[in-house]
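Q: Have a look at this one before I ask anything.
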Amino acid sequence: MASRPLSSSSKSMVIMRVVVAALVFSAATTAMAAGLQMDFYSSTCPDVEQIVKEEMVEILRAAPALAGPLLRLHFHDCFVRGCDASVLLDSTPTNTAEKDAKPNLTLRGFGSVQRVKDRLEKACPGTVSCADILALMARDAVVLARGPSWPVALGRRDGRVSVANETKQLPPPTANVTTLVRMFAAKGLGVKDLVVLSGGHTLGTAHCNLFSDRLYNFTGANNLADVDPALDATYLARLRSRCRSLADNTTLNEMDPGSFLSFDASYYRLVAKRRGLFHSDAALLTHPTTRAYVQRQATGLFADEFFRDFADSMVKMSTIDVLTGAQGEIRKKCYLVLN
């Protein structure tokens, strides 16, 4: 008897299963290379992912706008000393920590991370690292904002060092594409990872002072016509109506206007229209590989591809220079090293 052809919905399900299987295999391979494991807490804290998810549902129900900041926290952690939760440590009388460095002064979500840590300490005392919690919260933030999921390998240890000056490793919003490519390469990430992870700007907000030089005194000519020519004129006028001066460091702007609470590919449509908020967004149009990706995603026809790519790049980023085994420690409070 001849087999019946698959319906379009059945074909889609088959394709999705293949994609998921490939992502799990890729994540497992990357994890093994980094010394992490998919089942790291299977015997010591088997409900860790469920606990984190439950807390994240409550956190984002109360404050949906925290999805972007929690994703950003993980990014800022991994680019300095690797994914070791060093970004969470408080400064001391003798040391200024990462969180008090200029690039991190607008970070948010520290209290939410500690909330999750406190719940896990009750369930599994002294077991789950703050670094693993950050990785899981970033994934769940994206999922709960209707974005993709990805397998998070676990077993990271928490670092004991946090130095403000080391935040120079963070790609700044003022960077051109040459600088961005170099800084990503230094962390083992490629040009595609750069353009894909930039898509995380679909979530969240940014303060005016991070991009207001594009609106005022761009070259130092000190007149109203001195603006960034790479910025769409209509969008520039809209931004100026909110950011009244170079000194404005309090007003928040949606990075993906109208969609800043939802994870989607609309960011690329904005960048293609020269409406990316940062220099670093506009810079994606100045490199052949990143420009091609932006233009492809701007069509709106390949969002599923972006979701798969983002998941893959997040798996890679979340394993940067991780501490494992006897390295580092497991903090009880994410803002304090153990005595």
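In case you wondered, yes, glycine gets a Cβ from its N, Cα and C as well.
Checked TrEMBL, it gives:
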type	residues	note
DOMAIN	35-338	domain 'Plant heme peroxidase family profile'
DISULFID	Cys45-Cys124	disulfide bond
SITE	Arg72	site 'Transition state stabilizer'
ACT_SITE	His76	active site, proton acceptor
BINDING	Asp77, Val80, Gly82, Asp84, Ser86, Glu98	Ca(2+) 1 binding site
DISULFID	Cys78-Cys83	disulfide bond
DISULFID	Cys130-Cys334	disulfide bond
BINDING	Pro171	substrate binding site
BINDING	His201	heme b binding site
BINDING	Thr202, Asp256, Asp264	Ca(2+) 2 binding site
DISULFID	Cys208-Cys243	disulfide bond
Q: Relative to the Cα of His76 (active site, proton acceptor), which of the recorded positions Cys45, Cys130, Thr202 have a Cα no more than 10 Å away?
A: none
Q: If I take the Cα of Cys243 (disulfide bond) as reference, which of the recorded positions Cys78, Thr202, Asp256 has the closest Cα?
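A: For Cys243 (disulfide bond), the spatially nearest of the recorded positions is Asp256.
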Q: Neighbourhood of the Ca(2+) 1 site (Asp77, Val80, Gly82, Asp84, Ser86, Glu98): other residues with Cβ within 8 Å of the Cβ centroid, in order?
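A: Apart from the listed residues, the neighbours are His76, Cys78, Phe79, Arg81, Cys83, Ala85, Val87, Gly159, Ser162.
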Q: Select the closest residue to Asp264 (Ca(2+) 2 binding site) from the following recorded positions, measuring between CA atoms: Cys78, Gly82, Cys124.
A: Cys78
Q: So if I draw a 10 Å sphere around the Cβ of Cys243 (disulfide bond), how many other Cβ atoms end up inside it?
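A: Cys243 (disulfide bond) is surrounded by 22 other Cβ atoms within 10 Å.
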Q: Which ones are near Asp256 (Ca(2+) 2 binding site): of the recorded positions Cys45, Arg72, Val80, Cys124, Pro171, Cys334, which have a Cα within 10 Å?
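A: So far as Cα distances go, none of the recorded positions lies within 10 Å of Asp256 (Ca(2+) 2 binding site).
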Q: Quick one: mean pLDDT on the domain 'Plant heme peroxidase family profile' (35-338)?
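A: Mean per-residue confidence for the domain 'Plant heme peroxidase family profile' (35-338): 97 out of 100.
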Q: Work out how many Å separate Gly82 (Ca(2+) 1 binding site) and Cys334 (disulfide bond) at their Cα atoms, rounded off.
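A: Approximately 16 Å lies between the Cα of Gly82 (Ca(2+) 1 binding site) and that of Cys334 (disulfide bond).
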Q: Name them in sequence order: residues not among Thr202, Asp256, Asp264 whose Cβ is within 8 Å of the mean position of the Cβ atoms defining the Ca(2+) 2 site.
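A: Other same-chain residues with Cβ inside the cutoff are Gly199, His201, Leu203, Ser259, Phe260, Ser262, Phe263, Ala265, Ser266, Tyr267.
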Q: Return only the integer: C-alpha distance in Å from Cys83 (disulfide bond) to the residue listed as 'heme b binding site'.
A: 20
Q: Could you measure between Arg72 (site 'Transition state stabilizer') and Cys45 (disulfide bond) for me? Cα positions, answer in whole angstrom.
A: 26
Q: What's the number of neighbouring CB atoms sitting within 10 A of the CB on Val80 (Ca(2+) 1 binding site)?
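A: Step by step: centre on the Cβ of Val80 (Ca(2+) 1 binding site), count other Cβ atoms within 10 Å, giving 27.
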